[in-house]
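Peer 1: Before I ask anything, here is the structure I am working with.
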Amino acid sequence: DLCEDPHLFVNGISSHDLHQGTLGNCWFVAACSCLALRKTLWQQVIPDFNEQEWDPKNPEKYAGIFRFRFWCFGEWTEVVVDDLLPTMDGKLIYCHSNVKNEFWSALLEKAYAKLAGSYEALDGGSAADAIVDFTGAVAESIDLVQGKYGDIISEQMKLFEDLLKVHKRGGLISCSIMASSGSTNEVETEMGLVIGHAYSVTAIRKLRLGERLIFSFKAEKLFMIRLRNPWGKREWNGAWSDNSEEWKKVSNSERKSLGLTLENDGEFWMTFEDWCKNFTDVDICRIVNTSYFSIHKTWEKKMMHGAWAKNSEPLLNRSGGCFDNKETFLQNPQYVFDVKKTEDKVLVSLQQEDRRKYKKEGRGDSIPIGFEIFKVEDNRSYRLHKLTVQERVATSLYINTRTVFLKRILKQGRYILIPTTYHPGIITKFILRLFTDVPSKLRELKADKPKMTCWSLLCGYPRRVTQIKIHSAEGLQKQDRSGG
């Protein structure tokens, strides 16, 4: 009984609706802010929202339960919660709205806490993980410091164009500042930014100053990014902050189109260069287009469920650890795929099972995972047991995050992808997603050698494998790949 006229939404849904409560889950609130920007996405998470809405004319229809949907380890899962929310002194203590009688964010948080096991499990996490759970997106994490994006302008511009494309195509982006040695989380910097705090990216724009002046040939081009602090306050106070002198260069109509507000509402603009220099990490969640009825690039998607499983028998063991473990590395699961074009851009996402449910047992942290890609023989049909002529063409980062992502341009041929934990002997499940321009025929290699059949008795069974690698050839007649 928090109010007399409760609603899921009041005047629609907006990234400004949300405020973080006492729980340390700014990452979740940042993810919700991103979600609120995309109507098609939040309607997936909150299905049939009109039917779930409180109707004061028909109060008898109100059942006090709400349905939400999450993309849980490759499948859409429905979670049902009641309307009992944690309060203190008649006020919500966790995520809540600006408007007292709006409850979509608080109910969504309760459903997500139920999925994770408890509210406690949401204390600390990743905005990218929450966005993936909301949308089924493909998450990529970029270290802005390691990539030197604050110093190398060319890399900075490549990243800007990539983020702009992701944002235009419905993707969701968040960022944060990692605490360095000696600094503490939730501390505000001199520039008004909060360390260890997740911010949602709400807009990315190219802005030309003076472009409306007929005789102006020296229009200054600016690359801008807009962020939102889940606390609903504390903003960037540097160049292009809400009350800075720079905005005087921009016409009122341009300010209006940018959605500029001169309020301490937690949302602010900054130049992309300043963003690269002040933030340390960005999480990019791509909504990969797999629809053939689209004007944008269409990707072919393959998804496989797998597991790292330990066995004392080497041929049955599937938990061999990373490439450094030479004796056991090839005992990991192996997946084969084909690149049919001369060259093809390949997106790979490896996601381990969500371990938040084990948090109370002290096992809630993600395991360091990664993967290797090898170019193999065109007719390879069985598992690798020894690396000889095979070329190691790509290696992901090994990191203790839920998802590891890699994009590469690969040449025509057959490849084997080997997902691994960093250390051998670790047991957990994973899903592997592969996106290519044309069908890749991704499949797991399970057989170690050809099966023995009745024909083997008559025709003989292979006893030796010979590998021949041709480095070059001259003066040959044109032939197809089968030798005809």
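Note: Cβ is positioned from N, Cα and C throughout, glycine not excepted.
TrEMBL: automatically predicted annotations, no manual curation.
Below are the features I grabbed from TrEMBL:
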- CYS26: active site (ACT_SITE)
- HIS197: active site (ACT_SITE)
- ASN229: active site (ACT_SITE)
- 1-288: domain 'Calpain catalytic' (DOMAIN)
Peer 1: Since the record lists CYS26, HIS197, ASN229 as active-site residues, which of them has the fewest other Cβ atoms within 10 Å of its Cβ?
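Peer 2: Each of the active-site residues CYS26, HIS197, ASN229 was scored by Cβ atoms within 10 Å; lowest is HIS197.
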Peer 1: Return only the integer: C-alpha distance in Å from ASN229 (active site) to CYS26 (active site).
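Peer 2: Cα to Cα, ASN229 (active site) and CYS26 (active site) are separated by 9 Å.
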Peer 1: Roughly how many angstrom lie between the C-alpha atoms of HIS197 (active site) and CYS26 (active site)?
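Peer 2: Approximately 6 Å lies between the Cα of HIS197 (active site) and that of CYS26 (active site).
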Peer 1: Can you give me the average pLDDT across the domain 'Calpain catalytic' (1-288), rounded to a whole number?
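Peer 2: When the pLDDT values over the domain 'Calpain catalytic' (1-288) are averaged, the result is 87.
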